[in-house]
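Chemist: Got a structure for you, questions after.
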Amino acid sequence: MDTIYALASARGKAGVAVLRLSGPRSHEAVQAFGVPLPSLRHAALRRLTWNGEVLDEALVLLFGAGASFTGETSAELHLHGSPAAVSSVLRVLSGLPGLRAAEAGEFTRRALENGRLDLAQVEGLADLIDAETEAQRRQAMRVFSGAIGERAERWRADLIRAAALLEATIDFADEDVPVDVTPEVLTLIDGLLADLRREVDGSRIAERIRDGFEVAIVGAPNAGKSTLLNALARREAAITSEIAGTTRDVIEVRMDLDGLPVTFLDTAGLRDTSDLVESLGIERAVTRAKAADLRVFLLDDSGPLSGITVQADDLVVQGKADLRPGQGLRLSGRTGEGVPELVAAIGERLLGRTAGAGSLTRERHRLAIERAIGAMESVRAELLRGQQHTELAADDLRRAIRSLDSLVGRVDVESLLGEIFASFCIGK
């Protein structure tokens, strides 16, 4: 097996740069710089030299096989964050026999192949690297720490127990077996179905935390939607004008709202129009607004809006409060009046939804669980039809186990790895 190396920290000037090596020759490669090797898992300051020239001073860390991120013999060099110093060390490593530069995500791939991580943990690590908000960080850390794998192992153990009971019934079908295992198997299946359905119910919110919530600003033309978006973004994200119908496409602004990733959508003003381009913009606005997690209806004096109705959690506010006195939730994007209250109300509604978030953060996770649920529902139906259907029930149990195995990467993993590791940096 090749020994791989890569810069694990960001490129460019920095206080420290971290080079990572993994593979059978990683310790030998460090020794090539003319330094005595420190004890495993103990940092030591060493002067790296090559052909009699000092390249840099570095903290050197060595890890043994089975006790590193990848599960292989590994090493880290903590250099000064000088691009020139980093390049000089990389140049030496590139010329050593048995070493090559790592591909994107290759360190993590080796951790997966060596059983240090399961597939769900790999996805959690990718989400942790991409996390922009506190809620995303917490959720990704939970998955990376093995929350999905731990649950999958418990579910799998119960399924294997149920399968063993059924297989015993099949094996001794021609003998006088006094015990009917159907009640025990049904108890196991019913408990599992309840757990898995709860996970699926919470997966939609978990996926929204990962991908971000969408909040659509809806109203008539010239109601102040773009001005409100600019006030929320604290910059000129959208063009504002006294001319009605200025916004014709959906403008998106992503924000961190109380630790949640939220994309605000400034949509075209809703009205009847003969302008083809504007009508297309209105059609798109209605589609995006209906699909959004929450809508803010910005009212003016133009009357009710057509094409979309207010849902239970939506916010209805009176716009242009600086020009129109009134009661209730009122705001002005121009002066900022009411904007903090609106942000607080949006945050309260979205945070309330996250309380039910589960551990399944990706569509792949949810689909695997839904397949397992479908298989277990078939098991239940077959058992209730009588013991003559035990073999069919056993086949469905095996199908449920395979679905859970795909969740953590025991089966059907290779086709997913390219997509997952494409988002990783070289040093990860």
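Each Cβ is built from the backbone N, Cα and C atoms, and glycine gets one as well.
Residues or ranges marked as (6S)-5-formyl-5,6,7,8-tetrahydrofolate binding site by Swiss-Prot: ARG20, GLU76, ARG116, LYS428. Residues or ranges marked as domain 'TrmE-type G' by Swiss-Prot: 212-351. Swiss-Prot lists ASN222, SER241, ILE243, THR246 with the feature K(+) binding site, giving sequence analysis as the kind of evidence. For 222-227, 241-247, 266-269, the entry in Swiss-Prot reads GTP binding site, with the evidence type sequence analysis. The annotation Mg(2+) binding site is assigned in Swiss-Prot to SER226, THR247 on the grounds of sequence analysis.
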Chemist: In whole Å, note down how far the CA of SER226 (Mg(2+) binding site) lies from the CA of ARG116 ((6S)-5-formyl-5,6,7,8-tetrahydrofolate binding site).
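Modeler: Cα of ARG116 ((6S)-5-formyl-5,6,7,8-tetrahydrofolate binding site) to Cα of SER226 (Mg(2+) binding site) measures 49 Å after rounding.
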Chemist: For each of ARG20, ARG116, LYS225, count the other CB atoms within 10 A of its CB; which of these binding-site residues has the top count?
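Modeler: Answer by Cβ density within 10 Å: LYS225.
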Chemist: Just to verify a number: CA distance, SER226 (Mg(2+) binding site) to ARG20 ((6S)-5-formyl-5,6,7,8-tetrahydrofolate binding site), in angstrom, no decimals.
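Modeler: Roughly 48 Å, rounded to the nearest whole number.
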Chemist: Where LYS225 (GTP binding site) and GLU76 ((6S)-5-formyl-5,6,7,8-tetrahydrofolate binding site) are concerned, what is their Cα separation in Å, rounded?
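Modeler: The separation of the Cα atoms works out to 52 Å.
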Chemist: What mean pLDDT does the predicted model reach across the domain 'TrmE-type G' (212-351)?
Modeler: 75
Chemist: What does the structure give for the C-alpha distance between GLU76 ((6S)-5-formyl-5,6,7,8-tetrahydrofolate binding site) and ASN222 (K(+) binding site)? Integer Å is fine.
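Modeler: Spelling it out, the Cα of GLU76 ((6S)-5-formyl-5,6,7,8-tetrahydrofolate binding site) and the Cα of ASN222 (K(+) binding site) are 59 Å apart.
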Chemist: Do me a favour and check the Cα-Cα span between ASN222 (K(+) binding site) and ARG20 ((6S)-5-formyl-5,6,7,8-tetrahydrofolate binding site); whole Å is fine.
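Modeler: A Cα-Cα distance of 56 Å.
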